[in-house]
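Here is what Swiss-Prot records for this protein:
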- SER11: phosphoserine (MOD_RES)
- SER13: phosphoserine (MOD_RES)
- SER14: phosphoserine (MOD_RES)
- SER56: phosphoserine (MOD_RES)
- SER57: phosphoserine (MOD_RES)
- SER58: phosphoserine (MOD_RES)
- SER66: phosphoserine (MOD_RES)
- ALA221, PHE222, THR223, GLY224, SER225, GLY226, LYS227, THR228: ATP binding site (BINDING)
- 340-343: motif 'DEAD box' (MOTIF)
- 577-594: zinc finger (ZN_FING)
Amino acid sequence: MAHVKRYRRSSKSSEEGDLDNEDYVPYVPVKERKKQHMIKLGRIVQLVSETAQPKSSSENENEDDSQGAHDVETWGRKYNISLLDQHTELKKIAEAKKLSAVEKQLREEEKIMESIAQQKALMGVAELAKGIQYEQPIKTAWKPPRYIREMSEEEREAVRHELRILVEGETPSPPIRSFREMKFPKGILNGLAAKGIKNPTPIQVQGLPTVLAGRDLIGIAFTGSGKTLVFVLPVIMFALEQEYSLPFERNEGPYGLIICPSRELAKQTHEIIQHYSKHLQACGMPEIRSCLAMGGLPVSEALDVISRGVHIVVATPGRLMDMLDKKILTLDMCRYLCMDEADRMIDMGFEEDVRTIFSFFKGQRQTLLFSATMPKKIQNFARSALVKPVTINVGRAGAASMNVTQQVEYVKQEAKVVYLLDCLQKTAPPVLIFAEKKQDVDCIHEYLLLKGVEAVAIHGGKDQEERSRAVDAYRVGKKDVLVATDVASKGLDFPNVQHVINYDMPDDIENYVHRIGRTGRSNTKGLATTLINKTTEQSVLLDLKHLLIEGKQEVPDFLDELAPETEHQHLDLGDSHGCTYCGGLGHRITECPKLEAVQNKQASNIGRRDYLSNTAADY
């Protein structure tokens, strides 16, 4: 007989009772259920527009009772107030919550900018280690004429206002409206006349007196505004002064260093220095020796000039670091440093290279930074390397030149190359065609040659001799079309370029501004045509759309329809418009694709070994 398990009656009944208690649901009256339903609905609406910081669980428990009552009062039916008054009250509450969302956005942007600003100062390793900080700018012997020194602040501001010059910084120099009043010698004036330059441009009116006075400078002006002369003429004058006081002996120098981001720009800057040096020598003044140090040229050419004593060196970062590492060149005497297109060189990719170059200086120097696109994050970071800098801004940083008519056309990817022939019919030569990829440049070049167009091409994959030959042939007018990657977009000055064609849209809007700035230079008119299609990133198209609106250009329908619902959201917050990181007008820093790419790159480099700086590419 099987054994039957027995249970105690009392324990069984208590277990059943516990189970019954667990399943028990208290009865809630209909009126109370309606009330709770109203609270629930109110909370849903409230959570949608909620922007305050989330509370801890304990705070929520404490506030539940009072919050529930408040929600009933706010969102429930009010019999003693009309529906119109209730609607007005709810609208005010929604507006208040919207304002708090804007404040939250601004607070978030401030945090991002602070995290960027917390990087190491842009100084040499020795200066950072010893905590060296220079408090006063370098003093020079140059002074403006007395009648200009005696101008009142109101008169100076009137000149700046007329020329649309914005100046920031302590006690900036007065603006001077003629080269003769800037006390340039006859040789310089002859050199200016030979190039057909009669009066200074706005950036030169304020920039030249500032640099001649020895002040550190951040110069921002649209492409083709004459920034090069602002740093070339003063360094020639300082070198001349040094040569007069004590002539340079063998292997001495340089006094001035100019760093350029590309070989073509370095070559162009060196040729400008040689032009004015020859005119000075023709007037019986000492020879100013300048040296070009860049990849693709034999080091022996630079060594020849350095061995005789060099006053000015124009260099690209890769070759410069190589020469400094090998002690071919020293910066012991260097007191003048200029970085052309500085935003590119201080940008994340080349920041360490610049810091390495700074560490070779042995004393205080006058530092100048120039570019057409200088976002706030670069300006703030660059100030760590400068002493009481003066910032001169002619037009918004990153704005396109008003002399350029911009046209944007939608063309399918497979039809682009053929469509280039139609674009070439719009204007007379010379024409510049830009493409992102080297293979696209080669493809376009080959197609144009097959169609009988006189074209040349340059990109980073070609050797230096071929690049120089192509640029020279295009510059003197032997060739009608130059096809190039962005290597030709920064700072290069080609005479009378009628038309710039963007075969594709660059990755960021700064490159677009540099590209179209090759035309419409020195108060001439130009045309820029950009071909886009579905492969183009929407964030860049939004930036382009807002750039066209800012420049009062025609916006095509396919761009006008782009993201209309986000048109007004948060683009004008606080003092800034658009993104403070990259300068794009179509987004804020919280959605910046460039910042995101930089952060991803930094994250991917975590844990990797640090490569020696002297192996850096000569970009």
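Cβ from N, Cα, C; glycine included.
Recorded features from Swiss-Prot, shown on the structure.
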residue: THR223; record: ATP binding site; Cβ contacts under 8 Å, 6 or more apart: ALA372, SER401, VAL513, HIS514, ILE516, GLY517, ARG518, ARG521
residue: GLY224; record: ATP binding site; Cβ contacts under 8 Å, 6 or more apart: SER401, ASN403, ASP493, GLY517, GLY520, ARG521, SER522
residue: SER225; record: ATP binding site; Cβ contacts under 8 Å, 6 or more apart: THR201, PRO202, ILE203, ALA372, VAL394, SER401
residue: GLY226; record: ATP binding site; Cβ contacts under 8 Å, 6 or more apart: PRO200, THR201, ILE203, GLN204, SER522
residue: LYS227; record: ATP binding site; Cβ contacts under 8 Å, 6 or more apart: ILE203, GLY207, GLY219, ALA221, ASP340, PHE370, ALA372
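Considering other CB atoms within 10 Å as the measure, the emptiest surroundings among the binding-site residues PHE222, THR228 are those of THR228. In this structure, ALA221 (ATP binding site) is part of a beta strand by DSSP. For ALA221 (ATP binding site), other Cβ atoms within 10 Å of its Cβ number 27. Residues 227-228, 231, 258-261, 265, 269, 369-371, 373-375, 378, 382, 490-491, 510, 514 of the same chain lie 6+ residues outside the motif 'DEAD box' (340-343) yet bring a C-beta within less than 8 angstroms of a C-beta in it. The average per-residue pLDDT of the prediction over the zinc finger (577-594) is 66, rounded to a whole number. Neighbouring residues of the recorded ATP site, listed in sequence order and excluding ALA221, PHE222, THR223, GLY224, SER225, GLY226, LYS227, THR228, comprise THR201, ILE203, ALA372, GLY517, ARG521 (Cβ within 8 Å of the Cβ centroid).
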